[in-house]
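Database features (TrEMBL):
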DOMAIN    659-717  domain 'CBS'
TRANSMEM  101-122  transmembrane segment
TRANSMEM  146-171  transmembrane segment
TRANSMEM  201-219  transmembrane segment
TRANSMEM  239-262  transmembrane segment
TRANSMEM  274-297  transmembrane segment
TRANSMEM  317-341  transmembrane segment
TRANSMEM  362-384  transmembrane segment
TRANSMEM  437-460  transmembrane segment
TRANSMEM  472-495  transmembrane segment
Amino acid sequence: ECANELRFAASGDSDIDSCQVPENGVLEVPISINADVEVNNHTSVARKRKYKLETIEPGSMNVISAKYESLDYDVCENNLLLEEDRTKGYKFVVKKNLSRWLIFLLIGTLTAFIACIIDIGIEELSEIKFKTLKKYVDRCVEENCLYIPFLIWVVTNIVPVALGSALVAYIEPTAAGSGIPQVKCYLNGVKVPRVVRIKTLFVKVVGVICSVVGGLAVGKVRNLRIFKYFREDHEKRDFVSGGAAAGVAAAFGAPVGGVLFSLEEGASFWNQSLTWRIFFASIVSTFTLNIVLSTYHGHPGELSYAGLLNFGKFDNISYELFELPIFVLMGVIGGLLGSIFNHINYKLTVFRMRNITKKWMSVLEAMIVAAISATLGFLMIYFLNDCKPLGQDPTTNPIQMFCGDGEYNAVAAIWFQTPEASVRSLFHDPPGSHKSRFSWCVFCLLLFAVLLDVWTESLFPSSTWVDPGKYALVGAAAQLGGVVRMTISLTVIMIEATGNITFGLPLMLTLIMAKWIGDFFNEGLYDIHIQLSGVPLLPWEPPPLSYNIYASEIMSHPVFTFNSVEYVGYIVDVLKSETYNGFPGDTGDMKRTFRGIILRSQLIVLIKNKIFNESSDIWNIKQITIKMFRDEYPRYPNIKDVNVTNIERSYTIDLRPFMNPSPYTVQHSASLPRVFRLFRALGLRHLAVVNDTNEVIGIVTRKDLARYRIWRHRGQMGMEELVISEKV
């Protein structure tokens with residue numbers, strides 16, 4: 001038998017031909033039409049598939065990128081793992097559980113320390129910036145040289161933004177954005193490249209500090225992730241869940257909200273023990289950050305700084321029964337504005353993907369936005385003469401501008417402080433603090449707050465139930481809910497961040513209505529960006545009305561299979577010619593009975609360590625254990641970097657001790673919903689499809705399921721089949 005002979009468990013054309021990129025930059029990608037698969041006792045014949053060409057431009061939302069793979073969340077129960085379990089015993093189990101708790105303790109602690117670095121860095125740099133601006137504004141108002149503080153403002157915006165954007169563009173592009181879509185994909189089971197690297201964390205931290213100091217419309221809230229994890233995807237994914245929850249807890253001082261965020265935003269696997277450990281990490285993160293920031297602000301032991309984004313206390317906030325319809329109306333408005341915002345954001349993102357294609361262009365774009373931010377702020381301060389008596393100023397750097405002696409400019413007070421302090425001022429300033437309705441409206445729009453508080457205050461100036469801060473809080477929640485479409489976790493986060501549990505019902509009504517109205521028009525902001533990235537995200541439920549789609553139509557085929565004892569040369573040739581990450585193993589006889597699945601990484605490690613039958617006298621001494629595979633995780637070597645001599649190509653490898661002998665399988669007649677639920681609930685990477693004689697005829701992967709997507713728009717819905725492309 002020739003070592004290089006290609007043996008298929010199914011024959012036919014591949015799903016996607018290689019894409020050619022023409023000179024105009026537009027991809028021509030074939031769309032596969034499901035082939036009918038005839039299943040016999042020993043063979044499976046795939047009829048030739050039909051293709052049609054469709055033009056795909058950057059920014060298309062009906063394409064799945066072939067570069068994303070699933071995490072190996074399912075434990076490979078091979079002989080090495082079983083041997084480890086037999087030798088370690090229950091003492092090892094207890095020690096491993098204690099190690100998990102220790103790691104979650106480290107996650108919470110280190111997340112809090114990184115959050116403190118971000119907050120203190122922003123506070124100190126912003127203080128230097130605004131003190132300098134105040135000095136030159138106060139001097140130049142009298143000397144008629146206001147262009148000098150304007151230029152200083154522009155420069156102090158551009159320089160940090162240029163630094164942060166250059167780090168992202170040239171050092172680590174994965175650090176771009178909030179990081180929440182990437183974490184959501186990771187919790188869903190997608191292996192997002194470079195998302196949990198130390199370099200990504202460093203660039204993210206520096207980028208957040210530079211962006212906020214540079215005046216960009218961003219916040220300090222980022223998913224702060226530090227890992228000291230076990231060397232396998234199963235444990236690593238659980239630690240990511242804890243890191244996401246600890247990051248939200250540190251940002252808002254909301255440990256329960258952090259846990260619910262991690263659950264609501266995509267963790268496809270959850271159990272009771274994981275819930276306790278994640279909650280523990282969130283508590284540790286909040287407590288540690290509280291201690292550090294309280295000490296930094298000169299109040300050690302007071303513990304009054306629970307999170308980075310502190311909305312302040314709403315002690316006397318209350319609501320009447322007749323206000324509930326008003327809150328529902330605010331939710332409707334928030335859903336409408338959120339869907340409009342998401343649509344505009346989608347259009348701008350597509351424009352940027354198609355036109356801003358160079359790294360220097362991304363840096364220049366961020367610098368221009370920073371300059372525009374400074375220009376708008378200066379113009380508002382110059383033209384809006386909203387004067388208040390000194391002593392009521394919400395900032396440590398009051399600007400007199402054109403106000404009289406003993407007064408300060410209220411608009412400048414809002415601009416000359418950190419975004420967090422500005423939001424807190426808008427929430428808690430007493431009625432009448434901002435006489436200029438124009439300035440109030442503009443600033444509320446900039447902060448995505450709602451304007452109903454201004455409207456109610458003007459209509460009912462003497463009513464006790466009219467509280468601008470209350471309506472600003474609900475309006476901000478409605479706008480945020482209309483953008484991100486979160487309900488439970490956002491409600492709890494707002495309750496914990498404001499310290500008022502009695503306001504839970506209005507917030508929940510508002511957020512539910514905002515989500516319903518927003519979902520009527522488009523997807524949430526995070527889902528839009530995930531679709532633009534082509535990530536094969538699996539939703540919570542399978543597509544409805546899809547029981548007539550069978551596993552034989554979903555699966556990828558033909559399938560490369562290996563014999564239980566296989567030639568090294570054949571394995572090397574297949575690994576070099578194909579990019580598949582899992583290969584079925586069979587008996588090697590005429591029946592081709594399915595024996596298990598072995599991963600690409602396992603095969604490469606075996607070949608690298610020369611675990612050949614013909615050289616057993618050498619590697620038997622090494623006492624092969626599962627540690628050999630864990631030591632290579634997560635950066636497994638490339639097969640092209642593994643040297644195999646011509647003599648070694650004729651050697652054989654016994655794959656049976658290393659493959660998973662009991663992987664999950666489905667019959668070729670299984671429906672799409674059944675396959676979907678099994679795949680998602682168990683966090684699988686490969687699901688073998690077998691025929692009536694237990695012969696593998698195909699493999700179901702994440703992309704095979706994700707390409708069946710449900711679309712909803714304006715009350716209508718349907719299912720579309722997406723394209724899988726390697727060029728996205």
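Including glycine, each Cβ sits where the backbone N, Cα and C put it.
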If we call contact 3 or more Cβ pairs under 8 Å (sequence gap 6 or more), are the transmembrane segment (362-384) and the transmembrane segment (201-219) touching?
yes
Near the transmembrane segment (146-171), which residues from the same chain, at least 6 beyond its ends, have a CB less than 8 A from one of its CBs?
125, 129, 132-133, 136-137, 140, 199, 203, 206-211, 213-216, 359-360, 362-363, 366-367, 369-371, 373-375, 377-378, 382
Top stretch among 101-122, 239-262, 274-297, 317-341, 472-495 for CB pairs under 8 A with the transmembrane segment (201-219)?
101-122
State the residues, same chain only, that lie 6 or more residues beyond the ends of the transmembrane segment (317-341) and have a CB under 8 A from a CB inside it; answer 'none' if no residue qualifies.
448, 450, 452, 465, 467, 469-471, 473-475, 477-483, 485, 498, 500, 502-503, 505-506, 509-518, 520-522, 525
Would the transmembrane segment (472-495) count as touching the transmembrane segment (101-122), if touching means at least three Cβ pairs under 8 Å and pairs must be 6 or more apart in sequence?
no
Using a Cβ cut-off of under 8 Å, list the residues of the same chain at least 6 residues beyond the transmembrane segment (274-297) that approach it.
100-101, 104-105, 107-109, 111-113, 115-116, 119-120, 238, 241-243, 245-250, 253-256, 258-259, 262, 303-308
Counting each residue once, how many in the domain 'CBS' (659-717) are helix, strand and coil under DSSP?
16 helix, 22 strand, 21 coil
